[in-house]
Structures are given as structure tokens and as C-alpha cells.
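Heads up: the structure comes next, in C-alpha cells.
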């Protein structure tokens, strides 16, 4: 202990000695502060040494808070400077003091993490991906992680010691193979000490491109008979898909199909298929060997003939590339030899039938050109060609990022539609905040997939704040082919502008404290600088507190961003100079509630308590106020033995008042999210505090409901709906309800997983996953947001989205089952077929051809009418209903009944037993009669003795009379 004394004696007068390590017992709580730029916190310094002259905090700029009696002192640390400093010092005597510096890290999360687009990765080549981290600090605590298909590829940290925000970049060298197909990249930026500071780039979809390569390396030999039809297939793997060209050693050339149908082949030939994309080409050879020559007469050239043209069902259709397709062809003429289909793929050759179907299980030809032909007995041919469109939905719709829109300037937004066909059926729609801005179509007649672009010129005002863009691509004939870009949030930037244009004059009394507020509207928010005509300068705060004011002065506030600056002047006029000590310079910073209470130099440090004996009464004690609205709270004290009272708050606080029992905290426009107001009263040796519970809220700018994929729902398939709530506070008071046709489906209550309470406005998205039924088609889904503000506002504030009308697709079903139909010979009958489905099913009949049979289809109904039925009309009539989700059939069996034949057949079977019975009875009666005559009849009578018996004469015939 003698060493400090010896050192002190040896030092010149007025020089303070260094502190021996053993005597430095200062304890900082917390010992280290990590704080977001612009935030505030409280730090404490404590000593166990009771014998000291003074204890104080200082920040390196001359500002300090001093304590000379208590063994602890608090410091309200404001992170308004990137190199903020704070040091706690205890002065033991005139020549001996100790101090500890508070370790402070001021940080800022990145404004954005931007992953530069890349059209494609070429197999085997090394590519560099670039990720920009915008406006982050400090960079030495930044970690960047790269992911490809959710696999961590690279982690990078940085060694720069710059404390202010900077833009940083990271690169990722990548090399991929064709097996990867499409790679999904993302870039994440993270400040090591901030668990919430993870900022992620938009997902980047990058296809892997590679040169064409044969799936089957060896050449092929096919043996066919003369006159056969053969389909040659060229299996080439490439990305982007190759353009095909077929050639033969006979000089023929066919373009852009991977399948080639050769009909009525006559001679052996070599066929070469070449697949080409921008990375290269490859060729496959197929040799066709023709054997067993059969002599045939070549078919005559096809000619169009409306008298005998076959009927196609359907005659016009659109089919997605790679999907199955079928078209039925029916012949009504009777004098024909045969029929068949010709096409670049799926041809049939000549068939001895009146009905034929062109069917391809996997349509991978962009222009198949199918045609159905009929060969008549006289050698003529009739042809019908369907109108078929082969389409491909876009792989992706990519909306190029835009950092910001500058007010009043015209900007061009760019939307790329990747790999779509045919482009002449493409429509692109632009939306800004769900308002249709532009519709564009295209005139090109290219049938193969292309990349197309659309631009939108936009000019916005500051009132728009943030604009939500999306770009939609749609093929006109395909209700499911709506592909939407990711949503693009773009802020509207504008130069600083004064909310109050005129300069302000404030009249105050000498010794008062005054808060000067600089209301400047700008985006991005301005950097502030205050100056006065007395030469003082204060940086980067929109509110300036001037304490113990003595002289009149002009204060100038300048707000600046990259688009400009503006200045407001406030003149403070000092009058009525007072001699009271109530407004003396504050020297004590004892903490009451959550903020320091400034005491005047005439006051002794006191204990801060909140007991009911002396706590002031607040009216109201709890309240909710909308951001930007006025607010006031009254504070009343019932005790009589008090010295004074006042208010503390981050805005609208009052100076210490000596006499009144009532004080009001009043703010004309609440623009602080956490004002923390408290009323304090000095009562003898105690300081009593009442804190107000105040919720500052903001209603959402928008409540939008949208589909994640913007494709129609499919029955039985899970489908996500998203409810986006834009800029609402506080989040923890939020309840989201989902409705379908006014029926409550689900309720979401916001919950912050880490327990943090968010008070500033934020945007959130909530997702509902539904499994639709066909009965849900056309029903509305709605998202309702409730902001609960407690007993202060008993009825929750409610906001509802515009309804989302569900479009549910489902496979066809028939309203009737299979059945039989009996028709009288020569009679008329109509057989109906009705199918339900979405999209509306195409309905057609398959039936035995006949001149007296007519088919009529409208909407979801199709009828077959048979007039004057003949025996040839008997058979099976099949109704076929098809949409993209399925195909169903219904069978009607028609039987022809001859009524005359039925009547004869009926007589034979119903009356024959009666006739037989009648004949048997007649025969029996005749037999009995015959027997009766043969045996005679005899009568006996009494003999009269006295009478003679007369005798008849004998005729010539010998009979007796």
C-alpha cells in the first residue's frame, strides 16, 4: 500500500496518478455492450470502496454524469455514433484515480443481401457467383455462407476493422455436372453476436447447361419389310434441349423433331439424326434394311374433298410438350378402301376401318403436323388436318431486382420469361400493389421454346412508400399455365422535405430545458446535424435537448440523404430570467423506472421506490395510441409532504416542478414506438415512481391474400395460400383468421420464438395449406387480421383482405352410368351424355358409323340422335369425356327391336298352350261320342199279351221302316 503513496508524492502537483491494478475494483454491468445503431440502453458502474471523492461516467466528448455519495452510477448509453465511447472513473483523492472502459460494439444489420443473377452454369466450366452485402457494420463480425441446393458450399469472414457501415462482397467459384440439372443458390449474411441478424438473398435458380450427348452410343440397324411404316427415334441428352435435323443418304432433310416416321418404305437407306445446341452437336446413324419386297400400287396423292373428308374429334386442341395426345378420326362415307394417319410422329399407315385414332404417349415434337386421310374405292383420297398447338409453360419468370425507385424519375423494370412456347400465345401482365399496370402480347410465330422479355416504365411518388411488383406470364389457351415471378419489394426514395415549412420561434424562461424537434420526411431516412449561432454542433439526432438554457440562440437542423438536403431553423427566445434553483444543471442520474431522472444540484440522491403509500396516480394508467396521434396522461399526488414532481420519457418529458400536485405528460404527435413515460415524486428522502403502460400501434398498410404458385388448385392436392400483412405494430398483438365462404378454417396467433417483444412495424406472411374439393371451385378465401390492444381498446381492430376466388380443377365425371337402350325398328331416339369437370371436358362419341346417326355437342352436353333406326345401328355407343386431369368413358348399348316379329313370337309362345289344351279337349269329346254310337241304347217295356206287335215293311234297300 506504500507504493501508491510514494508515486503520488513524487508526481508534480495537479497530476493524477495511474491506478494500481489492485486498487481498481470498478465493476461494469454489463462489462460489454453490443447494441444496434440508434438504440439506447443503460449501463451501471459499481465500486466496493466507500472512501472516494467522486465517481463519474464520461464519453470522450466532455459529457459526464457524476456521483459523489452513492457507490454506483448509471449511464444512459445512446448508440448514435459509430465510435461511441464510455468510461467509468472513480477519483479516490486528488492524485489517485481508477477507470474502466466499457467495451462497446455498435452494429447494423445489412439493408439487403443481393445475389447477382446468372443465366446458366455450363457443365465442367468454373463460374463465379457474386453476392453483395449492402450497408452492414461492423464488417469484422460478418460471416457469409453460401448454399447450393441446401448444401453449405462456403463460409467467409472478413478482417477489416472499419466500424462504420460498408458494402461487402463475396464470391463463390462453382463447377457442376449435368446430373445436377438445376441448382438453387442462396447467400446468407450473419453478424456473429446477433441471433436475429440473419439476412438472406433471394433464391437463385440456375440451370446446368451441357452439350448434346447420345443416350445410346452405338449406331442402330433396323430390318423392315418393303411397304412398312417405321418410327425412328433420336435419343439425345442436352440442356438447353437440342435442335434436331434428320438427313438420309437419299437427300431428304427433316427439321426439329427427335422422332421421324417413315411411311411406305421401299428402299434401304441410312438416316442421320443431329442434335445441336449452343454448346455443341452430336450425330446418331440408323440404317434401315428393307427385305421381302411386296409389289403394291402406290397410293394416289392426297387431295382435299369436302364430300368425303373424315371427321376429327377434337378438330382443334392444345397439348403440352411431353404429354400424351389423341385425336379420333371417323369416316361417314361407305365407298372407301381404308384410312390412316400421317404425322411426323405416331403415323398409322393404311387401315381397313372406318375409325382410327392418332395417339402419341409422349409428344416431344413441336410441329407434329398430323393429318387423317381416307382412300376411296375410286382411288381418290380425302384429308382432314387438325389444328394442334404444342406448348411449353415457362421454366421461370424472373423479375430483375431494383434497389429503389427515386420519386419523379422514370425507371425500367425488366421481366424475363424463360423457355416458353409458342410465344405468339404468350401474354405478360405487370402488377404494382395488385393493380394491373400493363399487358403485353407478342407477334413472333416461332413454335419452339424461346426466352422473351418485357419491360415496364414506372414513375412513383413518395406517398407510395413501398411498391410490391410482380410479373405474370400466361399462355392464352392453358388455364393452368400462369407462372408468376417472385414478389419484388421496392422502396420509393425521395429527397428530404420539411413537414413544417415555416421556421419556428420558441419562448422559454431562463434556466428551462427545451427539446427541439426536427421533422423531416425523407427516404432513406436522413442523417441529421444540428448547429447553432453559438458555434455548437450535434450530429445525427432528430431531437435535440438543450438544458439550463441561458441565452437566446438560433438552432439549425439539416437533414441529408443521397438525394439532397433541407434545413429548418428554430429560434429559442429566452425571457423572464428566474433565480430559482429548480432549473439548475442536473448533476445526478439516479434511475427511476426505465430512464434516468435528472435531479437539480440542490437535491440529494434518494431511494427510488414504487410503493402504494406515495406512488403518484396516473390517469389513464394504461392506454393504446396510434402512431402519429396525440396523447396525454395526467399524474396526481395525494400526499402533502412532497418536494416536487415531474415526468420522464423518451419524448415529451417535463422538467422537475417544485409545487404543483398535478402534472401532465403530453405529446402532440406520437412518433416514438416505446416512449416509456413515468411520473416521479420526491417525498422526503424517497423518490416514488409510477410507470404508464402504453402501447403504440400502427394498422397494416395492406392485407393481401395470394396463391404461392398462382396456378389453379387441383382436387385432392395440397395448395398453399399466403396472407401478407404489411407494416403493422405491435406484432405480438396480432391474430390472423382464415375464412372460406365466411366459414372459419384456421386461426394463427403471432408468436415470437425467442421471446422478443417487437414494438416497431414489421411485415409478416402467414401460410394456410388447403386440400381443395371440387365443391370449392369458385368459393372465396379471405384473410382477416385482428390487432388486439387489450382493455384500452376492448374491440379489436379488424382488417380483411380482398377475397381470393379459388379455381379448383378436377377430372371429368358423368352424371349418369352405363345403361342399355332399346329402339324399335324404324324409330327415333336421342341418347344424351353430360359430364362435369374443370377445365370443361371435351366430349365426343365413338359409335358405329351410319348415315342416320347425328352427333351434337354444346358445353358439357353431347347427344347422339338415331333417326329411322335399322339393324345396323345396334351396338355400343361410347361417350368419352377428357380434360387435362383425366379421361372417363360411359357405355350405352343399343338394341334394335322388330315389333312384328315380336308379336308373332308372342302369339306362338303365349297362345300355343291354350290351343293344345283346346285340341285335346275336342279330341276327347269326339272320342266319347264315337264310343257312344257304336254300343247303341236299349229300353225295356212290359209285354202286352192281347196286342199284336206291328212289323214294318222292308224297303228295297233292305232296311226296316
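Cβ from N, Cα, C; glycine included.
In TrEMBL, the transmembrane segment annotation falls on 909-931 of the listed ranges 886-908, 909-931.
A mean pLDDT of 85 is what the model gives for the domain 'Ig-like' (386-484).
Within the domain 'Ig-like' (812-895), the DSSP-based counts of helix, strand and coil residues read 3 helix, 55 strand, 26 coil. Taking DSSP states H, G and I as helix and E and B as strand, the domain 'Ig-like' (110-200) has 6 helix, 53 strand, 32 coil.
In terms of DSSP secondary structure, the domain 'Ig-like' (212-291) contains 0 helix, 52 strand, 28 coil. Applying DSSP to the domain 'Ig-like' (386-484) sorts its residues as follows: 6 helix, 59 strand, 34 coil.
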